[in-house]
Amino acid sequence: MKNTCSTNWKHHPAKYELIGLMAYPIRHSLSPEMQNKALEKAGLPFTYMAFEVDNDSFPGAIEGLKALKMRGTGVSMPNKQLACEYVDELTPAAKLVGAINTIVNDDGYLRGYNTDGTGHIRAIKESGFDIKGKTMVLLGAGGASTAIGAQGAIEGLKEIKLFNRRDEFFDKALAFAQRVNENTDCVVTVTDLADQQAFAEALASDDILTNGTKVGMKPLENKSLVNDISLLHPGLLVTECVYNPHMTKLLQQAQQAGCKTIDGYGMLLWQGAEQFTLWTGKDFPLEYVKQVMGFGA
């Protein structure tokens with residue numbers, strides 16, 4: 001487990017608890033900066049550190065979490081689905097997703113949560129958009145994407161049209177769709193992204209387009225899964241999970257097409273706020289973090 005976050009220990013109290021972030025790659029993440037600013041503002045005896053952890057090293061990292069009596073950890077790519085196998089309890093929403101991004105350690109008993117979905121849907125709601133009865137085109141079938149789909153289904157989306165390449169996630173997408181269809185009133189379909197006609201038809205009729213993939217993230221910042229900007233229309237809300245870079249190519253396309261957009265900072269902020277409360281039991285200093293991180297009003 002490689003620590004990539006430097007820490008000035010003299011500012012910490014004699015007794016503190018450690019919170020981690022386990023992902024690979026990790027250097028792009030704003031979570032350590034955001035969470036540490038929030039912890040400092042709240043005056044809480046915790047520190048948040050990032051560790052480079054991939055699938056191969058994840059089991060050992062979890063043993064380390066227990067041995068060090070860490071309060072918990074964030075979980076990001078590529079570990080979100082694997083992490084489900086290493087916790088003692090999953091929330092109902094996490095079971096529906098099949099992936100987690102948050103682990104809370106209660107004296108060695110690990111609980112798994114997924115705040116990606118609640119964070120992204122909260123960002124949509126905060127923009128004034130009501131998702132109830134709406135339809136969504138969802139790109140990708142990884143942990144973030146399925147979390148958004150599951151939470152959207154729970155909170156009232158009528159239909160989700162999930163598009164994914166026929167890669168290692170495609171069968172997982174089909175299994176996810178089955179779980180949601182069996183447990184919610186939302187209808188989920190899965191289509192190969194190579195079917196561009198189906199993709200175009202979905203965009204023409206749906207209310208929301210959400211990118212839950214890493215396309216648009218460095219080093220793919222010049223890429224977008226929308227090959228033809230004419231597929232986007234002003235009535236479409238386009239939302240993004242990627243926040244580095246802040247303005248992805250997809251968001252640029254959407255703004256050029258007259259769409260309303262929500263950038264990846266919204267999801268980062270709201271999912272992080274929920275994580276903060278799960279780990280500390282305290283309210284997240286939302287307005288302060290918005291200001292110091294430059295996330296806007």
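Each Cβ is built from the backbone N, Cα and C atoms, and glycine gets one as well.
What Swiss-Prot records for the NAD(+) site is A141, G142, G143, A144, N164, R165, R166, D167, C241, V242, Y243, N244, G264, and among K95, K214, K282, K290 the residue it adds there is K214. Among the record's NAD(+) binders, A141, G142, G143, A144, N164, R165, R166, D167, K214, C241, V242, Y243, N244, G264, no two C-alpha atoms are more than 26 Å apart, and one pair sits at exactly that spread. Counting other C-beta atoms within 10 Å of each candidate's C-beta, the binding-site residues N164, N244 are led by N164.
Annotation for A141 (NAD(+) binding site): spatial neighbours L162, N164, F169, F170, K172, A173, F176, V190, G212, criterion Cβ-Cβ under 8 Å with sequence separation of six or more. Distance from the CA of K80 (substrate binding site) to the CA of R166 (NAD(+) binding site) is 20 Å.
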